[in-house]
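Participant: Here it is, the structure, as structure tokens.
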Amino acid sequence: MDVKASKSVMSFDIKDKKTHRFILVQLLVILSFTSYTATLLHLPRMKKKLVLPHPCVEITTPSALITQGNDTFSFPSVLTTSETQRHGYSAALLCGDVWLALSLMAGTDAFWVVATFNHTLMKNWHYFVSLRMMALASIISFCLYIPSSWGTKNSRLQDYSLALCLSSLAYFLFNYALSRVYRRPPSTLINAHFGTLQQYSDKMSRFSFGWSRALQVSAIICSFPIVLTAIMPSGWVTVIPLLTIPFESILLASRKLGRSPEFILSGGVFIHAVCFTHWGLSQVASSPRLVLSPSVFLALVVVGRLILDLHLQSSSLRYPEFLWVRKEVLISTESLLAICAVSLTSETFGLPVVTYCKLFIIPVFYSVSLLGVATPAAYSIVTKKIKL
């Protein structure tokens, strides 16, 4: 791949043709992201139309399964189907709020790391910190959801113990897979610095492998969440991004490819739409307001930050560049506590900024993060001459 830098850097002058192309690429990104999201929202409806309707009964306990196997018309009298559905729905909403609170700072931290325009630092933080924090938030929420949705009061302790063991095993395997696929960061501060958009663009262009190959890899990666949507139950769609993101990372690493500008503007936008649909819109559609109380939600936000600090102090993630990011780039714990205090005070005065935070946090967060990733890629495409 031959990548040549153009002699002049884009000046962002409205009369400059490069600026026109840059704006056009950004508009295409927004349009494709919107169309991808609409398609992903329509997939479950298509699945319902294609699958023949058949009577089904939710089985909430192992004893109910045995009872149904012995007598098709015999069902547990403790919990009716409608009660089970309501109980499972409430548990899903509650655990969704737990996931949002625990992952909120992880997503915000990732945005600030991208804003450093340091490509190497951003890549290391993404694979060694962000993915682990998002996975841990998802595993904890499912650890709470599984027992509360199908367990009985008598077996609740055993159910939570089983869920905890499964969650710990899942996180261990996830952590092990990422550690094996990607090279660990250096034990120095060589990557601990701020960069510029031009430097970030130059570094991204080194990973360029052409539009044709980028589209081929994107087609494979984008088909993965579509297949998962077709085979997974509707209640488990939030797992799809958690499986898609590592699949993308492992596939690119196995082919010794990086996240090139061409790939980001093709497959990367689709993956972002997958996360927005299943992690963002699903939260708002289920319940525009929080099920958790504002104080508990804010407390979990702080817990998410404390989990990050514990991870950065652990032997597996204690790297100088990550500690530099925590000190120089991310929001301090004192500032986070002040923001939480102001938000909670607003709630006491009747301004529900926390209760309805999903209505503005999720759209703004995903929009900003999309442009934060797509802008350097678009800049790289416009200011570089890439020969296929």
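Placement of Cβ uses the backbone N, Cα and C atoms for every residue, glycine included.
Relevant sequence annotations retrieved from TrEMBL are reproduced here:
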- 21-43: transmembrane segment (TRANSMEM)
- 98-117: transmembrane segment (TRANSMEM)
- 129-148: transmembrane segment (TRANSMEM)
- 160-178: transmembrane segment (TRANSMEM)
- 210-228: transmembrane segment (TRANSMEM)
- 234-251: transmembrane segment (TRANSMEM)
- 263-281: transmembrane segment (TRANSMEM)
- 287-308: transmembrane segment (TRANSMEM)
- 329-354: transmembrane segment (TRANSMEM)
- 360-382: transmembrane segment (TRANSMEM)
Participant: Are the transmembrane segment (210-228) and the transmembrane segment (263-281) close enough that 3 or more Cβ pairs fall under 8 Å, when only pairs 6 or more apart in sequence count?
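Facilitator: With 3 or more qualifying Cβ pairs, these stretches touch.
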Participant: So, does the transmembrane segment (329-354) come close enough to the transmembrane segment (160-178) to give 3+ Cβ pairs below 8 Å, pairs being at least 6 apart in sequence?
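Facilitator: Result for the transmembrane segment (160-178) with the transmembrane segment (329-354) is no.
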Participant: Per the 3+ Cβ pairs under 8 Å rule, pairs at least 6 apart in sequence, do the transmembrane segment (234-251) and the transmembrane segment (129-148) touch?
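Facilitator: Result for the transmembrane segment (234-251) with the transmembrane segment (129-148) is yes.
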Participant: Is the transmembrane segment (98-117) in contact with the transmembrane segment (329-354), using three or more Cβ pairs under 8 angstroms as the rule and ignoring pairs under 6 apart in sequence?
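Facilitator: In this chain the transmembrane segment (329-354) contacts the transmembrane segment (98-117) - 3 or more Cβ pairs sit under 8 Å.
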